[in-house]
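Novice: Among the features that TrEMBL reports, ATP binding site is placed at A:Thr68, A:Pro69, A:Ala70, A:Gly71, A:Glu72, A:Gly73, A:Lys74, A:Thr75.
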2 protein chains.
Amino acid sequence: MAVVKSDIEIARAATKKPVFEIGAKIGIAPEHLVPYGHDKAKLSAQFIRSKRGARDGKLVLVTAVSPTPAGEGKTTTTVGLGDGLNRIGKKAIVCIREASLGPCFGVKGGAAGGGYAQVIPMEDINLHFTGDFHAITAAHNLLAALIDNHVYWGNALNLDTRRVTWRRVMDMNDRALRDIASSLGGVANGFPRESGFDITVASEVMAILCLATDLQDLERRLGDIIIGYRFDKTAVYARDLKADKAMAVLLKDAMQPNLVQTLENNPAFVHGGPFANIAHGCNSVVATTTALKLADYVVTEAGFGADLGAEKFFNIKCRKAGLQPAAAVIVATVRAMKMHGGVAKDDLGLENVAAVKAGCANLGRHMENVRQFGVPVVVAINHFSADTDAEIETVKNFVAAHGAEAILCKHWALGSAGIEELAHKVVSLAESGSAQFSPLYEDELSLFDKIETVVKRIYRGAEADADASVREQLRQWEAAGYGHLPVCMAKTQYSFSTDPHLRGAPVNHVVHVREVRLSAGAGFVVAICGEIMTMPGLPKSPSAERIHLNAQGLIEGLF
Amino acid sequence: MAVVKSDIEIARAATKKPVFEIGAKIGIAPEHLVPYGHDKAKLSAQFIRSKRGARDGKLVLVTAVSPTPAGEGKTTTTVGLGDGLNRIGKKAIVCIREASLGPCFGVKGGAAGGGYAQVIPMEDINLHFTGDFHAITAAHNLLAALIDNHVYWGNALNLDTRRVTWRRVMDMNDRALRDIASSLGGVANGFPRESGFDITVASEVMAILCLATDLQDLERRLGDIIIGYRFDKTAVYARDLKADKAMAVLLKDAMQPNLVQTLENNPAFVHGGPFANIAHGCNSVVATTTALKLADYVVTEAGFGADLGAEKFFNIKCRKAGLQPAAAVIVATVRAMKMHGGVAKDDLGLENVAAVKAGCANLGRHMENVRQFGVPVVVAINHFSADTDAEIETVKNFVAAHGAEAILCKHWALGSAGIEELAHKVVSLAESGSAQFSPLYEDELSLFDKIETVVKRIYRGAEADADASVREQLRQWEAAGYGHLPVCMAKTQYSFSTDPHLRGAPVNHVVHVREVRLSAGAGFVVAICGEIMTMPGLPKSPSAERIHLNAQGLIEGLF
């Protein structure tokens with residue numbers, strides 16, 4: 001067998017084209033691209049406005065089974081399918097999320113695909129890229145500074161400093177900042193209070209940027225952020241602090257989608273990257289809607305498995321942005337099916353057809369779930385070299401028995417040549433016009449009923465459970481006019497239940513809603529079920545210790 | 001009189017040229033420029049290396065009298081002089097510092113010059129620019145995260161958490177972060193300790209980036225950073241935490257100088273921006289040394305007045321980078337002379353020749369000081385419309401009596417046409433070969449004697465004073481091998497003394513050294529004399545409340 005090249009070796013060996021050539025492929029004139037280096041560019045706001053009346057291409061969602069330590073390759077498949085569609089003559093654009101810088105220094109690993117299905121320049125995309133996340137950090141922390149400054153100068157708004165919900169953010173894995181006491185050190189530094197930092201991708205500003213349709217909408221949503229409560233429990237908004245407009249200034253460039261290319265020189269928009277637990281986990285609405293104006297096909301992904309990622313893509317992003325997905329690809333691997341069937345990670349190398357068969361229950365559940373939204377599905381089996389024919393057939397047969405098709409995809413090893421069959425299938429599904437998309441629940445349903453709808457119909461739990469205080473909080477928000485918002489479920493991604501160890505397709509579990517949070521600017525109510533970490537830590541031996549510049553000045557150790 | 005346009009109106013009315021055209025003027029081929037938009041670019045490391053053997057142009061420092069609330073216009077004069085030299089047929093490049101984002105949201109004001117002597121695009125330069133400061137923030141905070149992470153996972157280095165000197169940074173005016181308690185909230189968040197944030201420009205990483213000669217030197221200096229002390233009082237270095245190489249990766253692009261243009265389409269390098277109190281306050285060595293390879297004249301500035309800025313420029317930057325300044329321009333204004341002569345700010349509009357004459361003592365002191373370094377001086381009187389002929393003549397006569405020339409400059413109102421005379425004078429000074437630059441003290445002098453040398457010969461104090469503990473600390477550092485470092489004085493910029501209200505040219509004061517800090521990576525020992533603020537706060541009505549995007553999507557309220 002040939003020597004397997006690392007992702008970074010493959011990426012470096014690629015023949016990159018100037019970003020202006022990539023833009024030309026989808027009809028963007030050079031004057032509408034703002035370059036960041038020779039291989040990255042932002043689309044001008046003027047160009048995006050000019051396309052408003054154009055006809056939309058077809059939107060394809062790539063989602064996945066419940067993630068396991070075996071890895072599924074959702075971004076890799078998203079990128080591969082984009083290349084595959086271009087290969088068979090369709091004009092296709094890939095839309096994926098930007099990577100968070102902080103986690104790169106914890107555990108080795110990038111977020112730009114892998115093998116022969118990557119977006120490049122991968123080092124840039126995983127580090128500072130075009131500065132969007134830094135701008136989000138700055139805008140978020142400006143609001144935080146204005147809050148404490150307001151209190152310092154007399155607290156005219158009568159803000160209860162114990163009830164300030166707006167924390168600070170940093171794009172770094174730093175557990176020491178999770179809980180802090182600030183404004184220590186005396187009178188000149190303000191009024192001491194408890195606070196803390198989240199990682200930047202968990203910022204509501206990130207979710208807002210990804211759901212805003214343009215700069216005006218962004219500014220309005222920033223103003224709608226609730227930063228805390230007065231002593232009389234009424235909400236204080238970012239607008240009350242006159243912070244919204246300056247925040248929009250800091251986010252002016254970050255709002256514009258970033259154009260890069262795949263290894264096969266096809267266009268990719270990489271823009272935005274909200275958490276997939278306390279936020280909705282999809283790339284920006286602006287990137288997706290703009291791509292739809294420029295291509296026959298737009299291939300995009302959603303975070304985690306379909307129970308979280310696709311559910312939020314449909315119920316939050318598509319609902320709010322008026323998107324009509326034409327088809328969905330569910331990524332599965334033989335290895336993941338084995339783990340869902342009870343095999344331990346160390347035993348994944350051994351053929352185990354029975355475990356694959358058992359684990360397919362997880363896949364079947366996700367297929368049913370996606371179809372509930374009126375979107376036709378196809379399964380992509382992301383090939384690993386140790387997969388046996390019998391195991392692959394088992395997955396194919398399972399999917400066929402459930403009225404769909406599973407297609408073996410070798411894009412990781414072969415690029416677009418390995419994913420042609422899936423591309424054709426996606427086209428036929430999308431062209432069939434069988435999609436009849438609608439969200440799972442109506443805006444008018446009560447907030448708790450929305451939560452319970454997701455619990456029962458997606459997670460297949462017996463019920464949603466919550467303390468009286470949580471239910472009362474939801475009722476208060478309904479009374480305050482927030483009842484029409486969708487819910488954003490924050491739950492472990494590893495199981496349909498709230499127990500991360502419960503793989504496969506559990507039923508009849510109870511989902512306990514521990515806490516609810518109102519993201520009034522983003523426009524959803526977060527239901528937190530279980531422990532959700534919004535500021536990661538670093539491992540004992542972080543990859544930062546090994547990341548370095550080599551003698552040629554190239555980055556090593558990131559991937 | 002004509003309506004006076006605002007800086008931003010003038011900047012927007014300018015006809016910008018593509019940055020590749022600006023590069024071509026100084027012999028940089030397009031492939032060696034990495035564009036950030038159409039009007040900003042970074043120089044490639046390869047290009048910089050390729051110029052190593054080239055002949056150097058002449059280096060001109062722009063410094064100033066002791067600053068007053070009246071404003072001196074040092075950056076404006078630096079930019080104006082660059083344009084003036086180009087106007088009279090010299091190939092000249094301006095080298096100035098990048099602006100800090102945080103303070104823009106406090107008090108209105110930019111750092112890109114003013115009137116008809118500005119660098120553009122001024123909004124970008126004052127906000128995110130090419131992301132250098134964000135990269136410095138990330139590198140600084142990665143090291144901080146690795147410190148607490150090391151302690152969390154067992155503290156193998158036996159670090160005394162009470163003696164961690166490395167704080168965190170944010171490019172924001174946020175007094176609430178000056179003093180914090182971190183790692184609160186329980187076992188999972190680490191060991192609680194006291195810490196805090198400085199503003200990014202106060203980071204030692206900023207000083208390092210500005211003094212490093214290339215990426216290898218940067219990495220070495222990052223490794224040399226002392227982050228704290230063990231229980232046995234021995235130093236722990238960033239290198240001990242294996243943080244240095246990953247930090248260099250984050251700073252890879254930030255190390256490259258940024259090319260922009262003046263309003264008259266002449267080249268300007270805007271790169272780096274260390275504090276001028278606890279650091280040396282000059283743009284990067286890489287920008288200055290590269291510019292010298294490309295131009296006949298390089299015009300650069302140093303922070304604050306000449307007692308701080310020029311002293312550090314000569315004793316730290318020039319010493320370490322082997323620079324040989326050919327001439328120095330001292331910027332003075334009639335208004336500043338009046339204030340040094342005792343006039344209150346509200347009375348500046350009234351002619352007061354006697355006060356101008358008295359205040360000139362401050363200017364004279366700075367002239368003498370700069371000449372001590374063997375650098376010939378010329379005085380630029382930055383013209384304000386209310387200046388009277390008699391007042392201007394008073395300054396001219398004073399300077400003439402002290403063996404130099406003062407030239408009235410109207411670049412703010414007229415651009416290069418208003419500063420031709422100064423440009424000619426600078427050329428004649430530089431061409432005369434009269435410069436015989438040498439730093440004020442030898443490397444071999446003891447650290448305290450270096451401090452005292454500056455106090456006596458620059459500040460004209462009677463003596464430097466320090467507690468026994470401070471002197472003992474200096475002796476320990478000398479024993480540890482740091483005795484050869486230059487000293488970096490942190491003192492009020494408003495007076496030669498440590499009393500900011502003592503204007504003019506005081507003598508025989510005592511300068512008390514309150515505290516000393518070792519910046520082992522940057523390569524200097526900081527002597528703190530008086531209160532030095534490293535994290536600013538916001539005013540009661542911060543300019544953030546007024547900064548906004550107008551209907552055309554342009555930024556308003558920044559300037």
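Don't overthink the numbers, they just go from 1 along the chain as shown.
Any Cβ shown, glycine's included, is placed from N, Cα and C.
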Novice: Other than its own, how many Cβ atoms are within 10 Å of the Cβ belonging to A:Pro69 (ATP binding site)?
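Specialist: I count 11 other Cβ atoms within 10 Å of it.
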Novice: Among A:Gly71, A:Gly73, the binding-site residues in question, whose Cβ has the most other Cβ atoms within 10 Å in this structure?
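Specialist: Highest number of other Cβ atoms within 10 Å: A:Gly73.
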Novice: Under DSSP, is A:Gly73 (ATP binding site) part of a helix or a strand, or is it coil?
Specialist: coil
Novice: I'd like the number of other C-beta atoms within 10 A of the C-beta of A:Thr68 (ATP binding site), please.
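Specialist: Around the Cβ of A:Thr68 (ATP binding site), 22 other Cβ atoms lie within 10 Å.
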Novice: So if I measure Cβ to Cβ from A:Ala70 (ATP binding site) and keep only same-chain residues at least 6 apart in sequence, which ones fall under 8 Å?
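Specialist: Non-local contacts for A:Ala70 (ATP binding site): A:Thr333, A:Arg335, A:Ala336, A:Lys338, A:Met339, A:Lys345, A:Leu348.
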Novice: Within 10 Å of the Cβ of A:Glu72 (ATP binding site), how many other Cβ atoms are there?
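Specialist: Counting Cβ neighbours of A:Glu72 (ATP binding site) within 10 Å gives 23.
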Novice: Would you mind checking how many other C-beta atoms are within 10 angstroms of the C-beta on A:Lys74 (ATP binding site)?
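Specialist: The answer is 26 other Cβ atoms.
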Novice: Counting only residues 6+ apart in the same chain, whose Cβ is under 8 Å from the Cβ of A:Thr75 (ATP binding site)?
Specialist: A:Ile96, A:Ala111, A:Ala112, A:Gly113, A:Gly114, A:Glu301
